[in-house]
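Noted in TrEMBL for the protein shown:
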DOMAIN    89-296  domain 'Cytochrome c assembly protein'
DOMAIN    315-636  domain 'Cytochrome c-type biogenesis protein CcmF C-terminal'
TRANSMEM  6-29  transmembrane segment
TRANSMEM  41-62  transmembrane segment
TRANSMEM  124-143  transmembrane segment
TRANSMEM  177-197  transmembrane segment
TRANSMEM  209-229  transmembrane segment
TRANSMEM  274-293  transmembrane segment
TRANSMEM  313-331  transmembrane segment
TRANSMEM  352-375  transmembrane segment
TRANSMEM  425-441  transmembrane segment
TRANSMEM  447-469  transmembrane segment
TRANSMEM  490-515  transmembrane segment
TRANSMEM  615-640  transmembrane segment
Amino acid sequence: MLVELGHIFLAAAFAVSLLAAFLPALGFWRKDRLLMQTAVPLTYITFTLLLFSFLVVIYAHVVSDFSVLNVVENSHSEKPMLYKITGVWGNHEGSMLLWVLSLTFFSALMAFFSQYLPTDFKTLILICQSWITSAFLLFILFVSNPFLRMNPPALQGNDLNPLLQDIALAIHPPLLYLGYVGFSLCFSFAIAALIMGHIDRIWARWVRPWLLLSWCFLTLGIMVGSYWAYYELGWGGYWFWDPVENVSFMPWLSGTALLHSTLVLEKRGILTSWTLFLALLTFSLSLMGTFLVRSGLLISVHSFAVDPARGRAILALLFFFTGAAFLLFALRSPLLKTENFFQPISREGFIVLNNLLLTTITATVLIGTLYPYFIEMLTEQKISVGAAFFNLTCGPLMLLLLFLIPFGSMMAWKRGDFPAVFERLWFVLISVGIICIIFYATSVRDILAVLGIGLSAFVFLGSLADLWGKSGYGKKAFSVRVKRFLGLPWSVFGAAIAHMGLSVTLFGIICVANFGQERILTMNIGEWVTIADKTLHFDTVDSRFGSNYSAMEFYFKIYKNKKIVGHITASKRFYSSQNTSTTEVGLQNYGLSQLYIVPGHFDNRGLVVHIWWKPYIICIWLGAFMMAMGGCFSLLGYWFRTGAYKRVLLSLNFGRRH
């Protein structure tokens, strides 16, 4: 009965979202404020109904209700409780429901924080959100329903793919979806501006916090997904330019460009049409990613095996929303009053260059991802575009982008001054030169690796110098500068932290690529192997039983200078429910570096082991985390600057004087 109730909640959410799409639109057309004001409560109701529906799906998985087809196909009675819950979004139907729930969550948040928006503008945003919600709820109800029954009920479930039974998969999809659908608000803000025929600095100020929030979620989602692939798939890498990785990376790239262009619009009132275009493009790329992952085109551990009808339905939604949006943009953007003049040598000039590089990288990744499928459709020949293509084409553009960061950050608005920027950067340039000389003289003989480390140091130190310069460098007493430094806006710290995060990620990539070591060999119990400055001893083998698997575990001791400095356990697991074996890698951290062991075939001749030494590899994910935290700092800066927190406290009946 509870499952039927969840199904009713889902159908009711569709009906209410459809009402939220039409009723306020009628009010907007008739200039009836009463009808327009229905958009907010209808948005709340839609979110609440979907939340209840989603909780019912979780309950069905938790209690192993094998009368529900979705539970039978993706769960098992012996599966750990955590993975019963996370298995809800480890399949197509459940993940689509989470996708739409995340969409309505952002809509409800916007409705809650929209008191300061004009009624007609707020109404248009919520109408657009409701149209997207209605379309995808219709798709779920008729093509991807998680509440379908089995008659008679199954005795046992098929279980979830063992690779997805991992703690990182508990948080990776929700973070990714919050990033994807958060960009829908930027999309809806752009649609509202085009319909109203007006966009200005205030619009940028309205949309920027939602953009920052979405960008932070997507950054964290990509970071967690990369780390999961690194330790769960056992291939020793962190980014393979897999098509499903690419479809999450493209919205991140265009979203990053949008972050910078909205800053120009807010400060200078220019780049209006370009900013609207990026807002439409970013969510369109998110929709395209949703289509590609669920269409069956992509062969990846990340993708969902679905029937062609689902792929065609999502493709129709993709064409409808993106086609309608860009048609509206083509018709309405020429009517927007805008001033696009700017000096090339200025902060806005550097941000324009930043946008050109980011969109070029986005286009390159898009072409490299889709080209093989177009060729296959036209010629029936299968080709592949591998990591070498993306590294060769995107790598130089990314390095140029990083090199420009300190210059752009220090440039003044309207008219920059290169001599003044170099005056502030001279200490940084000297420091970078010293760092490069030290690395080259002591350990690194590869000139390209040295230059890469120098670039990383240049961005990191340049960001610090920019912060110090904004506190009155060279003009005030030291104590005054420290006080002003600590009093800088949160958004200034946020930008610097995000840029430093990029440099930390670059440093990790360079170190792993140039200084990492790798060994493949067969070891017997009691044997030794040396890699980097560590010596591994194959200690013993043991068996262990988990709740839904059996495992053979291999134990290693790690020595340095004849002293034990760590232990590593790697294993081979067997899941009887799916008759599948998986490999669990062994990891041991040493500061920001890792020792990484992958066990292979084991018999009476010994164990085949693949061992990597990964120097400073954790910097890759630490840098991504710093980027997300930088976005959070900027978001908090907006929160305090605009007094949004006071409105929240008042709406919750706190902070009032009685």
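Cβ atoms are placed via backbone N, Cα and C, with glycine included.
Unlike curated records, TrEMBL annotations are generated automatically.
Outside the transmembrane segment (6-29), and at least 6 residues removed from its termini, the chain residues within Cβ reach (under 8 Å) are 35-39, 42-43, 45-46, 49-50, 52-53, 55-57, 60, 97, 104, 120, 123-124, 126-127, 130-131, 133-134, 137-138, 140-141, 145, 147. Residues 238, 402, 405, 409, 443-444, 446, 449, 452-453, 455-460, 462-464, 466-467, 470, 592, 614-638, 640-641 of the same chain lie 6 or more positions beyond the ends of the transmembrane segment (490-515) yet place their CB under 8 Å from a CB of it. Within its own chain, the transmembrane segment (41-62) has Cβ neighbours under 8 Å at 2-3, 5-7, 9-10, 12-13, 16-17, 19-20, 23-24, 68, 70-71, 74-75, 81, 84-85, 87-88, 94, 97-98, 100-101, 104-105, 107-108, 111, 126, 129-130, 133, 146-147, counting only residues six or more beyond its boundaries.
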